[in-house]
Every structure is written in structure tokens, then in C-alpha cells.
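These features come from TrEMBL:
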{"type": "BINDING", "residues": "A:K7, A:Y8, A:G9, A:G10, A:T173, A:D174, A:Y179, A:R184, A:K209, A:V210", "note": "ATP binding site"}
{"type": "BINDING", "residues": "A:T47, A:E74", "note": "substrate binding site"}
{"type": "DOMAIN", "residues": "A:266-344", "note": "domain 'ACT'"}
{"type": "DOMAIN", "residues": "A:346-410", "note": "domain 'ACT'"}
Protein chains: 2
Amino acid sequence: MALIVQKYGGTSVGSAERIKNVARRVAATRAQGHDVVVVVSAMSGETNRLVALAHEMQEFPDPREMDVVLATGEQVTIGLLAMALKDIGVDAKSYTGWQVAVRTDRAHTKARIEEIDDGKMRADLEAGRVVIVAGFQGITADGDISTLGRGGSDTSAVALAAALKADECQIYTDVDGVYTTDPRVVPEARRMDTVTFDEMLELASLGSKVLQIRSVEFAGKYKVRLRVLSSLIEGGEGTLITFEEDENMERAIVSGIAFDKNQARINVRGVPDKPGIAYQILGAVADANIEVDMIIQNVGEQGTTDFSFTVPRSDYKATLELLHNSQSSLGAAAIDGDDTVCKVSIVGLGMRSHVGVASTMFRTLAEEGINIQMISTSEIKVSVLIDEKYMELATRVLHKAFGLDQNQAG
Amino acid sequence: MALIVQKYGGTSVGSAERIKNVARRVAATRAQGHDVVVVVSAMSGETNRLVALAHEMQEFPDPREMDVVLATGEQVTIGLLAMALKDIGVDAKSYTGWQVAVRTDRAHTKARIEEIDDGKMRADLEAGRVVIVAGFQGITADGDISTLGRGGSDTSAVALAAALKADECQIYTDVDGVYTTDPRVVPEARRMDTVTFDEMLELASLGSKVLQIRSVEFAGKYKVRLRVLSSLIEGGEGTLITFEEDENMERAIVSGIAFDKNQARINVRGVPDKPGIAYQILGAVADANIEVDMIIQNVGEQGTTDFSFTVPRSDYKATLELLHNSQSSLGAAAIDGDDTVCKVSIVGLGMRSHVGVASTMFRTLAEEGINIQMISTSEIKVSVLIDEKYMELATRVLHKAFGLDQNQAG
């Protein structure tokens with residue numbers, strides 16, 4: 001008998017019928033003798049509906065109130081799933097983020113989990129109940145409702161698994177595992193049986209969309225055994241995220257290609273080329289809780305420099321406005337940007353021991369006439385920023401160039 | 001400078017545009033120098049949508065989980081209204097039922113308010129903020145989400161007004177006051193400038209739909225000055241609910257006609273005619289938290305009796321099931337019912353000092369061929385249960401018979 005945390009995303013609970021289907025899966029796990037904690041997202045489409053309503057009220061909705069509105073999506077799902085379980089004879093009880101309680105910091109709409117009280121959940125599990133927890137949400141020290149940002153339900157699940165020392169955290173999604181890249185873009189993409197945490201971290205952060213990055217970080221930090229499975233297909237093994245590299249001796253050099261359209265480029269042109277200018281520009285952006293990803297600084301003319309960086313597309317307007325407000329104090333000649341860019345990345349542990357991987361990537365893109373706007377690298381990945389219209393093309397040619405189309409170990 | 005509690009119902013917040021309209025009204029009250037606490041319902045249609053989803057999960061949804069689902073409706077509205085107020089420069093803060101906290105008993109889906117903590121609200125009002133509270137909901141001593149039942153937002157508003165000792169509680173609705181009857185049924189119906197609490201209590205309990213009965217009881221108990229106003233028309237005075245009878249010396253004998261389709265009749269036939277049988281039947285119904293309204297007991301044959309009573313239509317099936325389960329212990333020959341009935345009532349303080357009011361009512365209905373199934377009376381009202389297909393006709397002819405079509409004092 002194990003303790004299993006199962007997380008079902010928006011598509012898996014997207015209709016009354018699908019919620020009932022989730023109830024049957026949970027009941028089956030329960031019937032195998034396991035204790036089950038279920039984390040659910042809002043029904044698909046619901047979060048978008050709520051965001052649209054909020055934007056009808058305010059161009060930039062108040063973050064505290066945004067969380068009040070957004071948190072209702074998951075609250076509906078937990079109640080419905082509890083009913084569906086009771087309807088098939090499985091005792092269950094639902095909890096919102098504040099009821100559990102999932103304590104977070106005060107960064108509304110992108111809060112971080114600080115602490116989870118497992119008391120209520122343990123009592124219910126001991127009483128033989130399935131525990132259902134609303135993903136994506138928590139409560140601040142002030143008693144305000146907070147949310148963790150898009151995809152936050154994965155993080156909720158992993159954090160709960162860590163707090164409860166669960167034997168496995170299963171993330172059910174609409175794909176049956178982690179692929180070498182998105183099969184909708186490259187039909188030849190293959191499911192990986194295992195992937196290492198380091199690789200998954202890069203794949204998640206680069207927008208592979210299967211798992212939210214913070215959930216992977218969390219899982220790595222607390223050594224939570226994490227598995228990605230399909231909620232639509234019965235009996236699949238999914239992809240297990242492994243801690244041990246040596247489980248995968250025969251890895252390919254590049255194990256996956258990720259891409260991410262949630263990118264916008266900001267250019268601060270003609271600023272004085274003096275120490276501290278990067279901090280002056282990026283400090284203000286960081287203070288506004290906007291995440292900066294890629295950064296480059298070009299040498300300009302006559303003691304000035306051009307400074308470029310990328311932010312999530314949803315923060316594009318706010319970043320531009322923020323910088324325009326401090327344009328004169330920065331001494332910038334111009335501030336502009338482009339929100340029609342995307343990031344494409346190759347990821348693989350094998351890159352550590354192989355040279356020439358980046359140059360193969362650049363050559364492959366050049367042969368297709370794709371211009372590279374920015375480059376960033378880490379030990380196990382190379383990312384490039386390109387025009388979003390080339391995203392699919394770039395992914396396809398890279399997938400082929402690194403031999404991911406062929407069946408191979410890993 | 002006064003402290004005013006304003007409540008806006010589902011229709012008044014039924015769209016983004018209407019929520020903005022409410023924000024402008026609140027801002028106008030604020031601009032007059034008043035402190036404002038706003039109580040809102042779910043956007044119209046939302047509660048029905050959630051109820052339908054719940055019923056797709058379970059025929060009789062679990063009450064605790066039902067409240068988890070239903071409470072989201074108001075939570076969306078409070079967040080949106082706070083955004084709309086901030087957008088026009090009015091500082092505001094939203095609170096759910098548990099945040100305030102509105103403490104209730106454990107009767108899920110029809111909980112009663114026990115206590116309200118005014119600490120957070122007072123602090124916000126002192127800081128110059130508009131306070132927005134989700135109507136209809138609260139929290140139990142166990143930390144579970146509870147709801148007050150349909151129309152509960154009125155009760156929330158009055159309870160908050162009582163807790164805060166507000167100068168006036170204004171209920172904004174889609175009508176501009178309390179009418180002699182529903183103008184959609186009788187176009188000649190007239191708005192009353194004032195109505196007494198006793199009359200309002202009867203009108204509300206009889207389904208006039210303008211105010212929920214518990215809100216009127218609450219207002220009477222805590223002497224909350226209550227006014228019904230239109231959220232659609234600017235500048236109306238609405239109807240003030242008065243405590244003093246002598247404010248209305250020249251009242252009509254009958255001041256209003258109420259009707260209510262939320263009625264179902266249950267018949268328990270051929271039970272032994274012995275002491276305690278009424279308690280035996282109705283005790284079980286009361287234990288299930290089902291409200292019984294009209295009751296009659298007919299003498300049957302050979303030491304048996306027929307027992308009939310009415311319940312809310314939503315409890316019809318549950319009541320029948322419950323009684324069928326105890327049919328043998330009751331010794332009943334048959335248990336059946338009818339959920340196509342309605343209640344029509346005449347209400348007026350003047351009935352105290354006038355005779356023949358009931359007989360005028362019965363004669364008027366008889367002249368139209370309308371059969372009366374049950375009768376119940378109080379000091380200031382007479383109610384009859386009739387076939388629901390005659391509801392509009394009965395209301396029209398009674399409105400005319402008691403001279404409510406003509407302009408008169410009150």
C-alpha cells in the first residue's frame with residue numbers, strides 16, 4: 001500500500017463526463033489499496049474565461065483581486081470531483097488552498113509555496129477518504145487568496161507529495177509522457193521512458209508544456225518521484241523523471257527540443273555604457289516581479305550601448321510602460337520591442353561530453369535561412385531566439401539533425 | 001456622513017457592463033461622503049450553471065461539496081467589482097464569507113448566520129476603502145464553506161448592516177420597490193412608498209421575490225433600516241420598510257398579493273388517527289432540514305386519517321423518498337403528492353380590523369372556477385394552495401377584488 005498524489009489538468013477535468021472518468025481512475029487506484037490525494041486544475045477554458053472578465057474590468061487587473069477571481073476555477077472542480085467520487089461509493093472530501101492550508105508568499109498571481117499543513121489530509125486518509133485539493137492556489141500570511149501562476153497545479157501536486165512524503169506523484173495530462181518534442185509539430189517525435197531531472201528542468205523551463213518548471217524544481221529539491229501519464233489512455237507507463245544519470249547510460253547527445261512562444265523581446269537603445277546600467281534597467285523590471293530570461297548587451301556608438309532582454313509575453317506591455325517611465329533617468333535614446341519572437345532550445349545531458357553541438361544547431365538553422373536574434377547556453381542546453389513564424393520549421397529540422405526521429409536508447 | 005450597506009443582486013451584476021455600473025453607483029455614494037460596504041450575488045445565470053454541473057455528478061449532490069461549488073459564484077463577482085472600483089479610482093477590497101468571517105451553523109446549502117467579525121471591515125472603512133463582501137456564504141466552526149440558500153445575499157447584507165450598526169441597508173434589485181403584486185402578472189400593480197415589517201415579512205415569505213424572508217426577519221430583529229431600490233433606474237426612492245404602523249394610518253385593508261410556485265404537496269393517506277402521528281410524520285421531515293409550510297389533517301374512514309402538507313418543490317422528491325422509507329412504520333396506506341401546485345396569498349395590516357376579507361377571497365376564486373386545496377391564515381394574511389395553472393388568473397382577480405388597481409394611500 002502506497003500513498004500516491006495524482007494531479008489532473010484542465011483538459012482531464014474539462015467536462016462533467018471527464019470528471020467522472022477521473023473519479024473512476026481514482027477509485028481504481030484506491031481499489032488497489034493505495035491512499036490517494038488528488039490535485040485538480042480548473043476545467044479547461046474556465047481560467048481563460050475568468051481572465052477575460054477581469055480584463056473587462058481593468059486593463060491591468062489588481063493582482064490581489066485577480067487571485068480572488070482565478071481561484072474559483074479550481075474550487076468548482078474539487079467540489080464536483082468529490083461528488084463524482086461519492087456517487088460511485090468512494091468517500092472523499094475537498095479542500096481549497098486556504099483550507100489545507102497551502103501557505104504562500106504575497107506575490108499575487110505568481111506566489112510561491114512556503115509551507116503546507118498536512119494535518120487535515122492525514123486525518124482524512126486515515127479515515128479511509130480520498131483527499132481532493134484545489135491546485136494552483138494558496139493563502140498568504142494576511143489571509144488573502146493567492147495563486148501560483150499558470151501551470152501552478154503541477155507545483156501544488158509536487159509540494160503536497162513532498163509534504164506528505166508520498167511514494168509517487170503522478171501528473172496526468174493529455175499526452176502520454178514526455179516527448180523528444182511536441183508531436184503536433186513533429187509527428188516523428190518519440191516518448192521517452194525516462195528523462196533526468198536536469199533535462200526535464202530545461203525542457204520544462206523552455207516551454208515543453210508537459211510540466212511546469214517550478215514543479216520540477218520542487219520535485220528535485222524534495223526528491224519526489226515524479227511520473228507523467230496520460231489521463232486519456234489506460235495502462236500506459238508514461239515517463240518517469242529519474243534522479244540518477246547512470247540509469248541512462250546510452251543517452252543521445254540531444255534528448256529533446258523545446259520551444260516557447262511566450263516570449264517578447266525588449267530593446268533599450270543608446271544607454272550610456274557605464275557600470276551598473278544593467279542593474280539599473282533590470283532592477284526595476286525585477287521589482288515589478290517580471291521574470292527576465294535571455295539578456296544581451298551590444299556595444300553601440302560613442303560610449304553608448306544597446307541592451308536587449310526577453311520577458312514573458314504577458315508582461316510585455318507592462319515592461320515597456322515601466323521602462324518608458326524611467327527612460328529619461330536611464331538616459332536611453334529609445335525603448336522598443338518585439339512580441340512576435342519565440343525561443344527554440346536543444347537539451348541533453350550528452351552535451352556535457354560532446355563538442356560541436358551548438359555549431360550543428362546554428363548551421364542547421366542557417367541552412368533554412370532562419371536568423372538568430374539571441375543565444376543563451378547552459379551546460380546541457382542551447383537556446384536561440386528567432387522570429388515566431390519559424391518556430392515549427394526550426395523544431396522540425398533540429399529534431400531531424402540530432403537524430404531524434406530514429407528509435408534509440410533512452 | 002453615514003455608513004451604508006448596499007446589496008446588488010444577480011441581475012445587477014449580470015454582465016461586465018453592469019458590474020461597472022454598480023461601481024459607478026458605489027462611487028457616487030462614496031462621493032457623497034458615506035462609508036460603503038457592498039454585498040454582491042453571483043452573476044445571473046452562474047448559480048444555475050453550477051447547480052446543473054453538480055447534478056451531473058450526483059442526483060442529490062453532497063451538501064458540503066455543493067457549497068464549495070456554489071460559493072464560487074459570489075467570489076468571482078467580488079473580485080471583479082473591486083477591480084471595477086479601482087479602475088475608476090476608488091480604493092476597495094474584497095472579502096469572501098470565510099475571510100470576513102461570516103460564521104454560520106453547519107446546515108449546508110441553507111446555513112444560518114451566527115456571528116460576524118467586523119474587525120477587518122472596520123479597519124478598511126477607516127482606511128477610506130470600500131469593502132466588498134461575497135453574499136450568500138459563510139464558514140462553519142469546522143472551517144467548511146457554507147451557503148445560506150437562494151436569496152441568501154439579502155440576509156448577508158442585513159446581517160452585515162446589523163453587525164456594523166449601519167445607518168441604512170439598501171437592497172438594489174431589478175424592480176424599483178415593493179409592489180402590490182408582481183407587475184409582470186398584473187400590469188396595474190403599484191409601487192408602495194412604505195410597507196411595514198409585518199407585511200413585508202408575509203410578502204417575502206409568500207414568494208414576492210423582492211426580499212428573502214430571513215433578511216426581513218433579521219432586519220426586524222436588529223432594527224435595521226431597510227430600503228428596496230432599483231439598480232437600473234437612477235434617483236428613485238424605492239420602498240422603505242417601516243417599523244411603525246402609525247406611519248400608515250390610511251392603509252388599505254389588503255396591501256399586497258403574493259404568489260409562490262416553489263410549492264409541492266405531499267399526501268400521507270390512511271394513517272392511524274392517533275395522538276403523535278403528526279409529529280411522527282413531520283419530525284422525520286424536519287430532521288432532514290426540510291421546511292414544511294401548510295399542513296392539513298382530514299378525518300378518514302375507520303380510525304384512519306389523511307395528512308397533507310407542503311414543502312419547497314426542490315425538496316419534493318427527497319420528502320417522498322424519506323416517507324416511503326418509513327411508510328410501514330407509519331402504517332400509511334399510501335404516500336403520494338403533487339408538485340404542480342402554487343400558493344397565492346393576500347396580505348394586509350388592515351385585515352386585523354376588518355371582517356369578511358377571507359370570504360371575499362374565496363368568493364372571488366370560486367367565481368373563476370378555481371378550486372382551493374388548502375387554506376392557511378395568520379393575523380394579517382390568508383393563503384390558499386391552488387393548481388399552479390391558475391396562479392396568474394387568481395392573482396389578477398384578487399388584485400382587482402381588493403381595489404389594489406386604484407391609486408390610494410400607502
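Along the chain as shown, residues are numbered 1 onward.
Glycine is treated like the rest: Cβ placed from N, Cα and C.
Features recorded in TrEMBL, as mapped to the structure shown.
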residue: A:K7; record: ATP binding site; DSSP (3 states): strand
residue: A:T47; record: substrate binding site; DSSP (3 states): helix
residue: A:E74; record: substrate binding site; DSSP (3 states): helix
residue: A:T173; record: ATP binding site; DSSP (3 states): strand
residue: A:Y179; record: ATP binding site; DSSP (3 states): strand
Query - Residues from the binding-site residues A:G9, A:E74, A:T173, A:Y179 that lie close to chain B, Cβ under 8 Å, in sequence order - result: none
**Report entry** Close in space, distant in sequence - A:G9 (ATP binding site), Cβ under 8 Å, 6 or more apart
**Finding:** A:S41, A:S44, A:S153, A:D154, A:I171, A:Y172, A:T173, A:D174, A:S231
Query - Position of peak Cβ density within 10 Å, selected from the binding-site residues A:T47, A:T173 - result: A:T173
**Report entry** Mean per-residue pLDDT computed across the domain 'ACT' (A:346-410)
**Finding:** 88
Report task. Provide the number of Cβ atoms within 10 Å of the Cβ of A:Y179 (ATP binding site), excluding the reference atom itself. Result -> 24
Query raised in the report: Do you know offhand how many angstrom separate A:E74 (substrate binding site) and A:K7 (ATP binding site) by C-alpha?
Result: 12
Report summary line: One finds that other Cβ atoms within 10 Å of the Cβ of A:E74 (substrate binding site) number exactly 31
Query raised in the report: For A:K7 (ATP binding site) and A:T47 (substrate binding site), what Cα-Cα distance in Å is obtained after rounding to a whole number?
Result: 17
Query - Whole-number Å value for how far A:Y179 (ATP binding site) lies from A:T47 (substrate binding site) (Cα to Cα) - result: 26
